[in-house]
Each structure stands twice: as structure tokens, then as C-alpha cells.
Ligand code: DGJ
């Protein structure tokens, strides 16, 4: 009934816009954003507007046509096209004319608009899809390309999205870096010409550059003011964003799969569906854009986005490859004492002919190493269960070490050039997921483990190597399909895992932050942002990711990196994400152990704010010697503030920090928590009550002049 009513309203909207101007106007909107397309007298589609919501159709009618919605190669445009096609007869051009559009309500606040375009000579169809999430102000856009020519046509360019912006100035922030040095934020003004952000890693989106960006109009981006566009591509492979400022100072943003070495031969009637480009536009700066992204991600995109998360103790940095059953059982005892939900066994538990005693061998042979684990995974699951904690397991199912039985048996499953020496990244190679047999094998790794040991409660799914020696023994003469078909193969596997084990949480890991995209996160409950767990670095790394990803998706572990920072500092940083430990707690002092136990309890008690609340970035680590963020729960009666002194200067004048997101009319009690046993808060405001108004307009002092000091402050509405 609801749906029918909605369709009726849509039809009404269409006919109203038709009558008003005799022109076709296609509005795509959320509570705060309008994206408006119009059909020109020439029958072509134009993006007339993108920005803050426009409410009056009389205004919309008067907007100029704007830039062509999905620019084709071969016609009158001189800049980067969204699509380039080679037809059967050798003609390389496309001219897309508007055919129709329809609007469907997918869920109460989620609407999909599909605009159909067709070439006026060749039987090629391009459908532009827009899914808008009204309350969260998110729009997803993707494209479907198909044709009915006699033989395959070749696609050279196939953008997910083309957006036009028109401003005096454009400032682009990218999130680039390297292994253990991810998401460094740098902002630059764009001038005439192109700036391209792309990667060519094949099996992972990121190592040097992340699949997301933010773009500020007219001025450098600010946290609470200014117009910004946030965009990200849901593709776990080569991606490309092209920002092109043209001769009229207009900006086009093309987003999608990186078409590098990837021309795609499309059979008649086959559908080429691009990945989703997901974006928001905020007129209230970056903070609002991030909160919209977080809410949308939790509600609609991330696996179990609205469910709780498991705190854990991981053995990777505690043992690396050096463990046996007894040692693992001891660590499980430590997990139990710590009060975390789960013990996670990392790399090093498998392979017998070439035991996984280092990262040089064994990948691909997924049987327990008998010498290390004579009683198998089953015994470990039982030990964990007996102790009242869950058991999680690391796998890296898409990879193979040349020193493995799998490689010996199935070299035909491995991406490698047949006639050249192999080049290894971390001594391993990538399995060819374009091959359905390999997909079955990879799915089988999870399926066999789950069948044999149904008590496994969690997987950490790793993917360390980019694709090297790119050649698929399976694809033969279609090598340029490999980058795309490999990623599609991965999604087939993940889809099967999710269908058969819908309640199995999994961590998305890729040798640090190599996989941090929203398509993969449909299948994973969280991701591993970086192998760098030095808390100072993590303040920056988590700050960067927080622009797009909610805290509950960011696994953050307390480790031994940078012991200059005490256990409190390291734990407080990890508590801003999905808390875990990767350390031997028996090496800690009793006070440190007590401290960590208390932190786990506080984290669980406050997860409504930290994991499911709104994030406010208060003080940027990029701007000075301190950093602070706060999380506010949905009802604004509980908030948690994290404050860090990184390198305070001698004699620095410390300013109070103004809080955000509270109810100005409510009274709040301030209480410092996560105190090291035996110490007291030195905060002057500790234990006092203030109005939300004062906390937000005047603020409270939360910083100190001490190096590597941290504070966690619980803010509770007084009933
Ligand atoms: C890379 C991951 O990022 C680490 O956390 C760890 O799981 C290792 N792989 C294991 O080889």
C-alpha cells in the first residue's frame, strides 16, 4: 500500500514538473541535498544542479541546463569522458539521448531513480542509477551499460558517476600514504587540468591511496562550516577518481573502476554494472558529512551495522608465529581475565608439508600444523568455550605461497605470467578469482572450517599481496578482464559466505589498511585500519578514517608499539574504535592489568555512545600538539570525550575545549574515567555539573602540559 501511494506521488511529481516547464526535470534529493537533472531541447540529459536542497520547483525550472550528465567519447566535448565504447563496425562514438526515468521506493526513506539513456544510432543503453537515503543525506550512484549489437562491443571508459560542480575555488583532500602510514590527509587547491587519484593493486583498493576523498568549495575545508562533498567508491580493487577543472573553471568529478589495462568486451545483452559511488554534500562542514556517512553505514551498508561488536585479544603481536597449544591456552586465560569477548588466533596455525612458521611458506594449505596444534582447532574452540569466551580465526584464503602444496598441485589457479620469473610481494601470489573453480576453493576454506568447527565465532580475513605478474591462466585471451573479474569473483565468494553464515562476524584486513571500501564492508563487520598501532600514529590514522567510517568498523588494538606511551594512553586511543588487545597481559604490572580490565568494562558500558553515537572531531592532531574527539549517544544523555596531549610545548597556553552535540538545555555531570588505579583526576571540572550550553559555548579544560597524557571523560545528563 505504502509503495503504491509512493508511486502515485512520484507520477504526480513527474507530471507536475512536465507541466511547469514542458521540460523534463528529474530531481534526486535527500533532506539536505538536491541533485537535479534536466533534458535539453536536443534530447540529451544534463546535470543542472548539485548542492544544498532547493525547495521550490519554480526556482528549479529556472536553473540552467548545466553539464552533460554522462559525457560520451567522440562527440563535441574536449575533456575526460564518462564512457567510451567501440562498436562492431569500428565506430568509436556514442551519443546518449534521454529515454525515460522511473522512481522506486526501496525502503521507507530510500528512493531509487533510474534514468534511461540510449544512443540515437547504435543499440546501446546506459541506465544511470541514483539511490538516495533521505535522512542520512547519502546518494549512491552507479551505471548499467548494455547493448544489442551483433558481436561484443569494447568498453574503454565506464564511470560509475560523473558530477559537475561550479565554484570559484576547489580544495581537494586526499588520504594517501603507504603500509603502516595510511590515510595521511593533505589538502590542495585544484587548478586547470586533471588531478587523478587511482590505484592499480588489483586485489586491494589501497596501499598508497584510499578509495575516498573530500572536496571543499571556495575555501579550505572546515569542521563545522563550509560546503563539502565527500565521495567514496565501493570497489575492492583498482579505482580511479578524476578531478578535471575545465576552461570555464567548472569541475567534473569522474569516479569508478580504474580503467587502466581493463578494456572490457561486453557481449550482446550482457549487463555491465559499475560499482557504486557513494557521496554526500554538507553545507555545515566535514563533521556533518562524516556523521551522515556514519549513520548511513551503520543503518544500511556495513554487515551487522546496528549490532554490537566483540572485544578481543589477538595473539599476532603477542607471539607472531611462535606459539603452541599451551601458549594459546595461556593467552585465552589472559583474555578471560581481561574481560574481553573473544580470543583471536592469527597467522601461523596451518600447513604441514611446509609449516607456516614464517610468512615464507604454507599459505594455501589450510590444515592445522600437527606439530604446533596436535589437537587441532577443535581443542582450541573447546578451551575458549569452557572459559566462557568466543574463538576467532585468521585466514588469508585468496593467497598462496609458492612454497605450498596448493601451488604444487594447482599452479593453474595462480595469477602469474607463464613465461616469466615470478615476482613476490610478502613471498606470496594471488589466486585467480576470475576462475569459478578457484572461487569454490576459497569459499570451501571457510565452509570446511565452519563445518568441522561450528564453534568458530569470527574470522579475520587477510589479503596481503597486491596482484603481481598479472596474467590469468583461466581468462586466456581476455586478460584485460582480469582486474574486474577478479574483484567480481571475490564478491561471489563473499556473497556465498554471507548467505550460508549470515551471523558470522568478520574483520576485513589487508596487510594494514588495504581494504577499506564500502562494498567489502557489506560482508564484514569491521576493518583493520593499519598495521601501525603506535598510539600516536593511530590518533592520526583513526582521525583520517573517521571522515568516512564509523568507530564500530575500525578495529583498534592495544599493542606494544611505542612503549614510551603508557598502557593508559595506548588503551585510550584504541578505545576510540572497536577495542581489542594484541599483547601479553601477563607482562603488564598488576595495576596496568587492572587498568585494562576497567577500560574494557567502561568500553562495554559506553558503547551506545562510542560505537553507535555521533562523532564530533573537536581538536585536530594535524593542527597542533593535542587532539580531542567526542561521541554522543542518540538521545544526547551520554557522551564520551577523549583528549590526548601529544607533544605539548613548554609554557603552552591551554584553551578550554568546546564540546558539541549536547542538549544546551540539559545539565551534564563531568566525570573522568579510565583512571590508572590509585590515581585521581586532576581535572578541575571533574565531578561538577554544567549545562550543555556552557559546555558547548565556553568549554572545559581537558588538556595538560604533559607529554603523552590522555583523558577519557564521561558526560552524563543529570536526570
Ligand atoms: C597482516 C595483518 O595486517 C596483521 O594484523 C597480521 O594478521 C598479519 N598479516 C599476519 O600475517
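Just so you know, glycine gets a Cβ as well, placed from its N, Cα and C.
Quick caveat, the model's predicted, so the values are computed rather than measured.
These come from TrEMBL:
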SIGNAL    1-20  signal peptide
DOMAIN    68-267  domain 'Glycosyl hydrolase family 36 N-terminal'
BINDING   179, 346, 347, 426, 460, 461, 462, 463, 464, 509, 531  substrate binding site
ACT_SITE  462  active site, nucleophile
ACT_SITE  531  active site, proton donor
DOMAIN    627-714  domain 'Glycosyl hydrolase family 36 C-terminal'
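Across 179, 346, 347, 426, 460, 461, 462, 463, 464, 509, 531, which the record gives as binding substrate, the greatest C-alpha separation is 19 Å. Around the Cβ of residue 462 (substrate binding site), the number of neighbouring Cβ atoms within 10 Å comes to 22. Highlighted here are the binding-site residues (179, 347, 462, 531) whose C-beta falls below 6 Å from ligand 1: 347, 462, 531, in sequence order. Remark: residue 179 (substrate binding site) has 207, 511, 512, 531 as non-local neighbours, by Cβ distance under 8 Å and separation of at least 6 in sequence. In the domain 'Glycosyl hydrolase family 36 C-terminal' (627-714), helix, strand and coil residues by DSSP number 6 helix, 32 strand, 50 coil. Each residue in the domain 'Glycosyl hydrolase family 36 N-terminal' (68-267) has a pLDDT score, and their mean in this model is 97. DSSP assigns residue 347 (substrate binding site) to coil in the three-state reduction, outside any helix or strand. All protein chains shown were included, and the count of other CB atoms within 10 Å of the CB of residue 460 (substrate binding site) stands at 24. Under the three-state DSSP scheme, residue 460 (substrate binding site) falls in the strand class.
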